[in-house]
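Here the structure is laid out as structure tokens; the discussion comes afterwards.
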Amino acid sequence: MHVKSIIIDGFKSYAQRTEINGFDPLFNAITGLNGSGKSNILDSICFLLGISNLTQVRASNLQDLVYKNGQAGITKATVSITFDNYDKKQSPLGFEAHDEITVTRQVVIGGRNKYLINGVNANNTRVQDLFCSVGLNVNNPHFLIMQGRITKVLNMKPPEILAMIEEAAGTRMYECKKIAAQKTIEKKEAKLKEIQTILEEEITPTIHKLKEERSSYLEYQKIMREIEHLSRLYVAYQFVCAEETKVRSAEELKEMQDSILKLQDTMAENERKVKELGKEIAELEKMRDQEVGGALRSLEEALSEAQRADTKVQSALDLKKQNMKAEREKKRKELVKSMEEDAKVLTAKEKEVKKITDGLSSLQEASQKDVEAFTSAQQHFNAVSAGLSSNEDGEEATLAGQMMACKNETSKAETEAKQAQMKLKHAQQELKTKQAEVKKMDGGYKKDNEAFEAVKKSKEKLEVEMKKLNYEDGREEQLLEKRRGLSRDVNRLREAYESLMARFPNLQFEYKDPEKNWDSDRVKGLVASLISIKDVSTATALEVVAGGRLYNVVVDTEVTGKKLLEKGELKRRFTIIPLNKISARCLGKDTVNVAKNLVGADNVNLALSLVGYESELQKAMEYVFGTTLVCDTMDNAKKVTFDKRIMTKTVTLGGDTFDPQGTLSGGARSQNASVLVRLQELKDVQDELKAKETELQEVEKELMTLKNTVERYRQLKQQWEMKSEEAELLQTKLQQSSYHKQQEELDSLKQTIEESEETLKNTKEVQKKAEEKFKVLEHKMKNAEAERERELKEAQQKLDTAKKKADASNKKMKEKQQEVDALVLELEELKREQTTYKQQIETVDEAMKAYQEQADSMASEVSKNKEAVKKAQDELAKQKEIIMGHDKEIKTKSSEAGKLRENNNDLQLKIKELEHNISKHKKDSADAAAKVAKMLNDYEWIASEKHLFGQANTAYDFKTNNPKEAGQRLHKLQEKKEKLGRNVNMRAMNMLTQAEERYNDLMKRKRIVENDKSKILTTIEELDQKKNEALNIAWQKVNKDFGSIFSTLLPGANAMLAPPEGQSVLDGLEFKVALGNTWKENLTELSGGQRSLVALSLILAMLLFKPAPIYILDEVDAALDLSHTQNIGQMLRTHFRHSQFIVVSLKDGMFNNANVLFKTKFVDGVSTVARFAQNQNGGSSAGQQRSDKSKTKERRNRMEVDK
């Protein structure tokens, strides 16, 4: 198969339709100037063959292949090649029937890329398979040798050279297919894993589950059948029992009615006898009362009198105690309250007095200063009046004296300046001498000083790092000590908490979570544990108010409560308060205010206001405490409870309860502390425990955080201490060195120089000031009279100003003093009131003591009265015993009458029992009749099978089948049926069949895939072996031709392909070249032309091994000289007689050997092609073809491309 003609339209430089006809079946050459479009012909062939790497056709995308990228009005590129297919041996698969094959490829800008084979649309894969089947794989082309291919072959690595051999041997396609097959196997493997996962995770568990459900379903059916059998037996037995009960009840009813009549007769006889005995006893008692009745009455009257006296004294004692309690609690409380309020005022006044006193002190100091200023101004005025003048220090002196002092200052300054000048000069000379000496000994000191500075910097760096750690030295030890202390506290508090909890088992609400992921916040807890008492004195009252509700459980909703009751496994009975459903009522503010106005605001409170609780618990607390008032005393409670405006239940602090319905409860209470008081103690311990545990956790957390920091800090500190020691040693060494001493002397001299210079400067300033002052004084001396008048006037002004200021300060101070005195008086008054309150409280306490003494005296009187009552009771009892001694006959008759009454009572009980039984039998009889009727109505089979009930050898044989046991069995079976019925899957049988079918189907598909995989792997193994054999044969053949061709092109030389050292042919191949008898280590030892011949020889050897129908060479002779080029051309002509060559070359030696030569030109921006047929000697005929517009139009109808 070879190229016959090419049609190019809009492709690269071929703007117009260009037909290139008359290709020689063997050797064709293309030549032309650079840029004329000769390589574009080869690019068009590659484009048609389906090249994917567009860089090989010098383009970045398909749009670049269109003439001028579509900018010149041409929007598509089309290439059409006609192949000669007369040689059926080289025909592509499936095209043996065609003598010619025309393949067209077209790309449209912004459109799609399409192929046509013989005018029919085809996809890319089909075109690729067509060309690959004849060895024209353009994406791995051994038949295409483009510009630079020789260089590329020279740079190939061993695996790449092996790939060329594989391509020539035809095993490359197998490798590609093998890789594709392996990827397919991997995908199938993934599918197998997916199937296995589905089997393991879905189907198999489903089958197991359905099998279990099938067992449950079969068991359910079995139970249903047994229930049906036992139900009939049990219903038959109940029917028989009901009929027997109906008959038996009627008989027993008649017997009981007869018994009642007999018992009533006996009772009437007993009643008659009791009446007779009563008359006899009354006559005997009348006789007894006449004899001893007077003494008994007098004793009874004495007892009654003693009891009245006892009650009166006891009431007086109770009233005294109550008054004493009210007095102590109310009056003393008021005094203490007033005392505390005054104490607060006293504290505030003391602070105010302190503040004003501080202000007074400031004014006194200011006033004192103003007085001193006034005194000084007065003295100055007096001095000026006397002819004196003030100097700079404020001292009074004459002008002459001041002028003399200025002269002395000037003289003193001149002397000090001369001394400083001499000292400066000496120090400067000494400094120069010492500096020269120091320079000589500078080396060693400098080195030590540098070392000291380096250590100092290291030390500073360590200090910075330590500072960055933000760790305080000893912090870890503090935390460890704190942790030990907190651990002890936590253990102590936990023991105390557990001990207190053990004493209150009723306050523990334990339950099991009713469901998974249960939110414990839904259960708030017991009412007792949810409140806190504001005042401990109210604990008893609050406990009475709450009563049993103190142990109720508060939850968020009724659903939570239901779940707790059903599934919480509570150990005892609890009442539950759901916050969303509880109906709570609370006394209104108006009612509470009425009660407070009635007995005093501090004497009554709503129970709800005396407890603390969370806001979300408002409804529950109103339900428990919202409708009861708490009063301080019984009197106040009574007033509040029965007031018509209030009429509300009230409880006293002592626990006594008053109810508006008229009931009163109270009395002695347990001496043990209130539950709420102990509970408050428990809460305090719990709160403290939580706080300590939180603090301990924070300490633990901080210790964990500090762990790494402490370690790092210790390391840095150790390094810092070492550096500090090193720095101290170096500093000591520096200080002890002679250089250091000399340096100190130098510093001392420098300081002396600075001091001397400063002294010189100061003396000059002093001298200058003194001279200026002398001039001023001299001027004053000359104008003494005018100056004196001016100073006198100024002194008078200063005096007046100072006097005014002193008077004003004194006035302010006095006003402030008065204010302080007033406050001090108030303060003293308040202190006296505090003392008075204390005395009044002591007086109240003494009065309480007197009250207590009176109460003790009254208690003694009560005790005496009780003894008198007891004595009267004893005498009355004795008298009654005497009387009873006379009553034996009465007793006997009374005993007989009593027995008769007891007999009547017993008979009455029997009658009632019989009446009850009659009523019961009537009911049983009616129930049995109704039951029989209902059963006949409900179970239609009873009427037809009634005659079999209880008969032997039937399904209703009650002797063989115990009906009671059948009933128990039936009950158990029904429970089991209910349990199974909730979970049994009625569709289990069908679902199991479907699941098993799906399982079997998947297993079948899995086996098929595994078998296919096994066969593919076996085939790959066999083909790998054949591939290796074919590869060895190809290598040997190519190697032989490679050496032969290279020897021909370069006489005296030899070449071969050999595997790299230590590897096999299957790992790769590399070039081995010998010039003469010397084998070169690598190709770098050869010249450029020799290397090119090596690569070209290999390419030609490949072509000889498995000739492709077409070979394309693009300037492969570019790097060769003319002699080598001519040799190549002759070799192609003489040795390759079975393939078509299309060669692009610029050298005569190459294209003169071609049978047909195509020459390209670039005319008016468009490429054109001319054909020249050449003879054996290289001459050319004039039969050339040009692609012009006229020829294009003539052939367009015949060769137009389907667009």
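Keep in mind that glycine also has a Cβ here, set from the backbone N, Cα and C atoms.
Database features (Swiss-Prot):
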BINDING   Gly32, Leu33, Asn34, Gly35, Ser36, Gly37, Lys38, Ser39  ATP binding site
COILED    172-513  coiled coil
DOMAIN    522-640  domain 'SMC hinge'
COILED    670-1032  coiled coil
REGION    1174-1203  region 'Disordered'
COMPBIAS  1174-1185  compositional bias 'Low complexity'
COMPBIAS  1186-1203  compositional bias 'Basic and acidic residues'
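The secondary structure of Gly32 (ATP binding site), as reduced to three states from DSSP, is extended strand. Sequence-distant neighbours of Gly32 (ATP binding site) (same chain, 6+ residues apart, CB-CB distance under 8 A): Lys38, Lys1159, Thr1160, Lys1161. Within the same chain, no residue at least six positions away from Asn34 (ATP binding site) has a Cβ under 8 Å of its Cβ. In the three-state DSSP assignment, the secondary structure recorded for Gly37 (ATP binding site) is coil. Summary of the ATP site environment: with the site residues Gly32, Leu33, Asn34, Gly35, Ser36, Gly37, Lys38, Ser39 set aside, the chain residues having Cβ atoms within 8 Å of the Cβ mean position are Asn40, Thr1160, Phe1162, Ser1167. Shown are the binding-site residues Gly35, Gly37; of these, the residue with the fewest other Cβ atoms within 10 Å is Gly35. Across the coiled coil (172-513), the model assigns an average pLDDT of 73. Taking the binding-site residues Ser36, Lys38 in turn, the residue surrounded by the fewest other Cβ atoms inside 10 Å of its Cβ turns out to be Ser36.
The least crowded of the binding-site residues Leu33, Ser39, judged by other CB atoms within 10 A of its own CB, is Leu33.
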